[in-house]
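Asks: What follows is a single structure, and I will ask about it in a moment.
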Amino acid sequence: MTMRFAAVVGIFGWLTVYFAKDAMMLYAGRVLLGYCTGVLSYVVPVFISEIAPKDIRGGLATSNQLFICLGCSAAYIIGALLSWRSLVVVGLVPCVVLLVGLFFIPESPRWLANIGREKEFHASLQKFRGKDYDISEEATEIKGYIESNHRLPKARIQDLFQRENIYAVTVGVSLMIFQQLGGINALGFYTSYIFSSAGFSGKLGITLIGIIQIPITLVGALLMDRSGRRALLLVSSSGTFLGCFLTGLSFYFKAQGLYSQLVPTLALCGILVYYAAYSVGMGPVPWVIMSEIFSINMKAIAGGLVTLVSWIGSFAISYSFNFLMGWNPAGTFFLFSAASLVTVLFVAKLVPETKGRTLEEIQASLQAST
């Protein structure tokens with residue numbers, strides 16, 4: 001139901017932008033589209049985690065990031081060929097497809113169990129697992145966990161900071177903060193400008209990013225349930241550290257008048273390393289972990305907080321990037337690299353491994369560690 005509502009809001013948002021006569025209508029359309037994107041960025045990973053078997057849950061959740069990359073690449077290509085109003089019509093299509101497609105997809109079985117719709121719960125779980133699959137053991141585990149949750153008082157915002165929830169909240173919120181402090185939205189919104197500032201072709205740089213981002217994200221999806229979430233995060237944050245450091249080094253050499261012929265190549269290598277590393281781990285994995293670590297009674301409040309932190313971080317970093325580049329381009333990327341280095345330490349110390357566990361097993365493990 002939430003995804004259907006978000007799709008409808010998205011449709012109205014695109015129509016408002018398409019028929020806009022002035023800046024205020026454009027702003028109104030962007031607000032509606034921002035709401036749609038914000039809701040879906042949280043609800044889709046959660047929905048996937050709730051319907052997927054434990055042995056492929058990570059890969060399926062990462063496929064969400066893969067299709068986001070595909071959509072961004074398609075928008076880059078189509079946007080170069082069409083006027084902006086025609087591009088708006090193209091953007092309307094996925095919202096319509098989503099709205100229609102959701103009528104053919106069952107509700108999350110865990111959500112149905114949580115609101116007491118027993119018959120529909122079994123039907124939904126059976127449909128997701130296949131008609132010949134024995135769901136009795138999984139259904140019993142889900143119902144047992146939900147019954148224990150129902151004995152708890154209704155979740156409130158202040159419950160986020162209680163002993164049994166604070167660890168999961170700390171991990172979820174911190175991963176989103178580190179994801180943004182690593183500079184992804186600054187690089188995403190200003191990629192062409194960064195390449196041009198370093199003396200490299202902006203269009204060629206963006207094309208190369210589009211070429212590497214999709215296959216690398218696919219590799220991440222394939223590795224998610226083999227190597228685990230922590231390993232991907234450690235490798236990814238180490239890679240984003242290296243990528244930002246190399247980019248910062250290129251701007252430092254340029255400012256100092258050193259190795260001028262090397263500067264564009266160093267900037268290109270740094271940004272490509274950054275995107276490759278981000279796509280394999282820091283892009284999809286925080287959203288996967290966020291969808292797994294919160295108890296079912298806290299998911300709405302905790303997930304809303306995590307998503308809010310992510311988008312506030314996105315705004316703060318993208319808004320401040322121009323000022324930071326005016327202050328010191330090399331220093332800007334060295335700051336991003338420092339944030340990635342802190343991320344490595346945080347993941348190594350605090351982030352739990354959720355690979356190969358049911359959501360109920362993850363909750364039992366988290367409760368035991370608090």
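For all residues, glycine too, the Cβ spot is worked out from N, Cα and C.
Got these off TrEMBL a minute ago, pasting:
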- 1-355: domain 'Major facilitator superfamily (MFS) profile' (DOMAIN)
- 29-48: transmembrane segment (TRANSMEM)
- 60-78: transmembrane segment (TRANSMEM)
- 84-105: transmembrane segment (TRANSMEM)
- 166-184: transmembrane segment (TRANSMEM)
- 204-224: transmembrane segment (TRANSMEM)
- 231-253: transmembrane segment (TRANSMEM)
- 265-289: transmembrane segment (TRANSMEM)
- 301-321: transmembrane segment (TRANSMEM)
- 333-351: transmembrane segment (TRANSMEM)
Asks: Would you mind listing the long-range same-chain contacts of the transmembrane segment (265-289), meaning Cβ under 8 Å and 6+ residues beyond its ends?
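Replies: For the transmembrane segment (265-289), the nonlocal Cβ contacts are 41, 45, 49, 57-58, 61-62, 64-66, 69, 171-172, 175-176, 178-179, 182-184, 187, 191, 194-195, 198-200, 205, 208-209, 212-213, 216-217, 219-221, 223-224, 229, 232-240, 242-251, 253, 259, 333, 343, 351, 354.
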Asks: Could you give the mean pLDDT over the domain 'Major facilitator superfamily (MFS) profile' (1-355), rounded to a whole number?
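Replies: Per the prediction, mean pLDDT sits at 85 for the domain 'Major facilitator superfamily (MFS) profile' (1-355).
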Asks: Cβ under 8 Å to the transmembrane segment (60-78), counting only same-chain residues 6 or more beyond its ends: which ones?
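Replies: Distal contacts: 44-45, 48-49, 52, 87, 90-91, 94, 206, 210, 213-214, 217-218, 220-221, 224, 279, 283-285, 287-288, 291.
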Asks: Which of 204-224, 231-253, 301-321, 333-351 has the most Cβ pairs closer than 8 Å to the transmembrane segment (166-184)?
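Replies: Selected stretch: 301-321, with the most Cβ pairs under 8 Å.
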Asks: Output the single range from 204-224, 231-253, 301-321, 333-351 maximising the number of Cβ pairs under 8 Å to the transmembrane segment (29-48).
Replies: 301-321
Asks: Please indicate, using numbers and ranges, the residues of the same chain that are 6 or more beyond the transmembrane segment (333-351) and have a C-beta under 8 Å from a C-beta there.
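Replies: For the transmembrane segment (333-351), the nonlocal Cβ contacts are 170-171, 174-175, 178, 181-183, 186, 229-230, 233-234, 237-238, 240-245, 247-248, 251, 270, 282, 289, 324.
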Asks: Which residues of the chain, 6 or more past the ends of the transmembrane segment (204-224), have a CB below 8 A from one of its CBs?
Replies: 58-59, 61-63, 65-66, 69-70, 72-73, 76-77, 191-192, 195, 232, 268, 271-272, 275-276, 279-281, 283-285, 288, 355
